[in-house]
Amino acid sequence: MKKVDITLLGTTCLLVIIGLLAIYSSASSQYLFRQLIFLPVGITGLLIACFTPRRLIYGMAEIFYGLTLLLLVLVLIFGSGPGAHRWFAIGTFNFQPSELAKISTVIILAKYLSYRRKMDFDFRTLAGPTAIVLPVVTLILLEPDLSTSISFLPMYAAMLYWQGLRPLYILLLFMPVLSFIAGFSLYFWIPFFSILSIIVFLRLRFFRALAAIATGSFFGLLSPVFLSLLKDYQRARIKSFFAPWLDPHGIGWNIIQSQIAIGSGRLFGKGYLNGSQKRLGFLPNRHTDFIFSCIAEEFGLIGSVVLLIIFGLLIYRLLLIAYRTRDQNGALITVGFAAIIGYHVFVNIGMLLGILPVTGITLPLISYGGSSLAATMTMIGFALNVAMNSE
């Protein structure tokens, strides 16, 4: 047995501390206290995942996955949330089953993929893993929670790639989804889908390429129909991505205030507890989705870059553990968790900079949210388990 990966554990602890300080600065001691209550839950999850024998973890994958599906069904019936059914209300606290679903889906998907030594782009190969991911994504969409459901796609793609599926085939697999998302804006869809079509025509035979492009076009044309069926706040978030400055006091307010906060921090920031955008109440959801904007305002470009370096080191260590281990199952689990964390970091910061739509994705280990904190720390625990037994 190898020693604990100190770098991975250290970066995790450092991010948690930064998160606690940022929550106190951006909100109040009340939110800090609530986050501190969930911290022992996260530590417990990390320790259990770290020291539980992996054979037991793999053996209970189906049970864990089944319980998660049950919770996702129950939350649709008994759950609460602003215009949605995403959480179980337990006193003054909320539990979000979709965070648990990320862990259980990665574990059972890794178990399934580890039995297949060769990945081909055919129905027999991809039907099984797709059947694992699709029910979870569908149930989360029904809550509705579009942003969380999308987070399963990069995880799925990363695990397929690690198992040997060629990038071109992964692109073909997700081409309908990418076309559908790009289709929300005709001006964005035309150049985006044209580039995808050129790549497909250059790499595939004519009739296969034609079939792929026809399928992608069909899903792209479905976007306007889907947009008309969305709730008002979901349509507003998508529209704010394409033209936030057209409605600065409406749908574009969040993005504009976020960019003002980030820009006002300049190089070194205004100092801890001295953020004016936050103090005057202009920045919305500043302790959850927009917490990076508070950090950037108070610590400037230097502090923001340091935070990104810490996240980069965390993801690098996860991928290094996956590369070094001889346990294919453990490697796939670690890659899946690295993809989820990396996706959250990329999308959260991207939406605050205005290069991605406001999706409600939180910053792992930093943003306020007990379910997210506990789930992310449990993921780190699994990775530490793999690292300790990598030989």
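In case you wondered, yes, glycine gets a Cβ from its N, Cα and C as well.
Pulled from TrEMBL:
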TRANSMEM  7-25  transmembrane segment
TRANSMEM  31-51  transmembrane segment
TRANSMEM  63-81  transmembrane segment
TRANSMEM  87-109  transmembrane segment
TRANSMEM  121-142  transmembrane segment
TRANSMEM  169-202  transmembrane segment
TRANSMEM  209-230  transmembrane segment
TRANSMEM  299-319  transmembrane segment
TRANSMEM  331-353  transmembrane segment
TRANSMEM  365-387  transmembrane segment
Within the same chain, where does the transmembrane segment (87-109) have neighbours whose Cβ lies under 8 angstroms from its own Cβ atoms, ignoring anything closer than 6 residues to its ends? I mean 6 or more beyond.
34, 37-38, 57-58, 61-62, 64-65, 67-68, 71-72, 74-75, 78-81, 129, 132-133, 136, 140, 143, 145, 148, 151-152, 155-156, 159, 332-333, 336-337, 340, 369-372, 374-375, 378-379, 382
Thinking of Cβ pairs under 8 Å, which stretch from 31-51, 169-202, 299-319 has the most of them with the transmembrane segment (7-25)?
299-319
Do any residues, 6 or more residues outside the transmembrane segment (121-142), come within under 8 Å Cβ-to-Cβ of it, and if so which ones?
65, 68-69, 72-73, 76, 98, 101, 105, 108-109, 112-113, 148-149, 152-153, 156, 159-160, 165-166, 169, 172-173
Could you tell me what the rest of the chain brings near the transmembrane segment (299-319), counting residues at least six beyond its ends with Cβ under 8 Å?
5, 7-8, 11-12, 14-15, 18, 262, 265-270, 272, 292, 334-335, 337-338, 341-342, 345, 349, 364, 366, 383
Same-chain residues at least 6 beyond the ends of the transmembrane segment (365-387) whose Cβ lies under 8 Å from its Cβ atoms:
2, 4-5, 8-9, 12, 15-16, 18-19, 22-23, 27, 31, 34-35, 37-39, 41-43, 45-52, 54, 57, 87, 93-96, 99-100, 102-103, 107, 287-289, 291-292, 295, 307, 317-318, 321-322, 324-325, 327, 330-331, 333-334, 337, 340-341, 348
In terms of Cβ proximity under 8 Å, which residues at least six beyond the ends of the transmembrane segment (169-202) contact it?
121, 126, 153, 157, 160-161, 209, 212-213, 215-224, 226-227, 238, 242
Contacting positions for the transmembrane segment (331-353) when only residues 6+ beyond its ends and CB under 8 Å are counted:
102, 106-107, 109-110, 113-114, 147, 151, 154-155, 157-159, 162-163, 255, 258-259, 262, 289-290, 292-293, 308, 311, 314-315, 318-319, 321-323, 325, 359, 361-364, 367, 376, 379-380, 382-383, 386
Against which stretches of its own chain does the transmembrane segment (63-81) lie, if we need a Cβ under 8 Å and a gap of at least six residues from its ends?
87-89, 94, 97-98, 100-101, 103-105, 107-108, 132, 135-136, 139-140, 142-143
